[in-house]
Amino acid sequence: MNVLGIESTAHTFGVGIVSDDDSEIRILSNERDTFVPKQGGMKPSDLGRHHSEVAPEVLQKALIKANLSIRDINYIAVSLGPGIGPALRVGATIARALSLKYDIKLVPVNHGIAHIEIGRFTTRSKDPLILYLSGGNTIITTYLDGKYRIFGETLDIALGNMLDTFVREVGLAPPYIVNGVHQIDLCANKGGNFIELPYIVKGQDMSYSGLLTAALRATKNNRLEDVCYSVREVAFDMLLEATERALALTGKKEILVVGGVAASVSLKTKLYNLAKDWNVEVKIVPPEYSGDNGAMIAFTGLLEARHGVTIPVEKSIIRPRWRVDQVDVTWRLSEN
């Protein structure tokens with residue numbers, strides 16, 4: 001079985017191909033092109049335009065890398081949400097067109113679930129507490145009775161969005177990432193004087209909007225490097241407090257970190273220290289799969305296809321607010 005996955009929920013258009021020939025799952029290709037604004041944030045219309053322009057080349061590269069033609073594909077998996085409308089529509093439209101033209105079955109994939117499943121696959125995690133951390137999501141979740149249950153999440157903006165917005169507003173970005181390191185870390189590593197900023201954890205939920213506002217205000221009277229350091233420390237410590245509470249509640253022995261923020265070296269260090277205190281193991285998705293990518297969509301699509309989860313083209317409607325706890329995780333029922 002060959003599954004082609006299409007990712008287009010936000011700034012990245014990606015195509016990945018996964019095969020399970022001989023009962024071994026292999027990632028054959030994982031091509032992508034990411035939109036980087038020249039200034040300011042991401043405009044939905046710009047994302048849609050970018051994805052439409054790069055899609056043919058990214059698709060062709062993925063097929064060539066996998067040494068396959070489109071007629072070798074058995075299923076097309078597409079991320080239908082959550083995400084940004086104009087971006088989602090490009091991926092969905094391409095998936096529908098390929099499905100109709102080549103008579104290939106369509107598989108609907110939740111973007112967040114795909115981050116989780118590629119993380120479980122690449123790290124060999126069994127039953128972890130999951131930290132899903134990205135530009136659009138900050139979620140603490142774990143699997144129970146056919147669904148991923150959310151134990152904690154942001155009450156407003158996501159951790160990744162908060163960090164990106166801060167470095168952009170103070171003139172450090174774009175680019176947001178330099179040689180694999182986020183601008184907040186590059187700046188924070190030059191600081192060290194802690195500035196008191198809002199620390200808001202309610203149960204296992206976090207709030208980052210107040211931290212962002214206060215941090216931007218603090219740059220007027222403090223060294224930028226010290227503000228960066230303080231923002232990073234407060235933001236990650238809030239997450240760790242919520243994580244500890246979730247560990248106490250669930251009793252899990254593994255922590256799996258997925259999503260773009262998983263690449264942060266500072267966060268990894270804090271989590272490894274937490275793991276020692278709680279006698280748990282921390283597993284972090286490899287960098288090539290931490291950001292948005294097509295391979296994670298293809299892989300999750302393969303899991304779904306194995307269990308007969310397909311949809312007709314007319315029902316492949318994008319769902320910009322599709323939560324991970326709304327998905328029936330049928331493929332995990334057979335694991336228990």
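Each Cβ is built from the backbone N, Cα and C atoms, and glycine gets one as well.
What Swiss-Prot records for this protein:
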BINDING   His111, His115, Tyr132, Asp292  Fe cation binding site
BINDING   Tyr132, Leu133, Ser134, Gly135, Gly136, Asp164, Asp185, Ser264  substrate binding site
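Counting other Cβ atoms within 10 Å of each Cβ, the lowest count among the binding-site residues Asp164, Asp185, Asp292 belongs to Asp185. Rounded to a whole number, the distance between the Cα atoms of Gly136 (substrate binding site) and His111 (Fe cation binding site) is 11 Å.
DSSP assigns Ser264 (substrate binding site) to coil, not to a helix or a strand. Between His115 (Fe cation binding site) and Ser264 (substrate binding site), the C-alpha separation comes to 16 Å. Neighbours of the Fe cation site: apart from His111, His115, Tyr132, Asp292, residues of the same chain with C-beta atoms within 8 angstroms of the site's C-beta centroid are Thr9, Gly112, Ala114, Ile116, Ser134, Asn137, Val258, Gly259, Met296. According to DSSP, His111 (Fe cation binding site) sits within a helical segment. Long-range neighbours of Leu133 (substrate binding site) (same chain, six or more residues apart, CB within less than 8 Å of its CB): Ile139, Ala158, Leu159, Gly160, Leu239, Val257, Val258, Gly259, Gly260, Val261, Ala262, Leu267. Applying an 8 A CB threshold to same-chain residues 6+ apart, the list for Gly136 (substrate binding site) reads Thr9, Ala10, Pro82, Gly83, Ala158, Gly160, Asn161. Same-chain residues at least 6 positions away in sequence with a Cβ under 8 Å from that of Gly135 (substrate binding site) are, in sequence order, Ala10, His11, Ala158, Gly160, Asn161, Asp164, Gly260.
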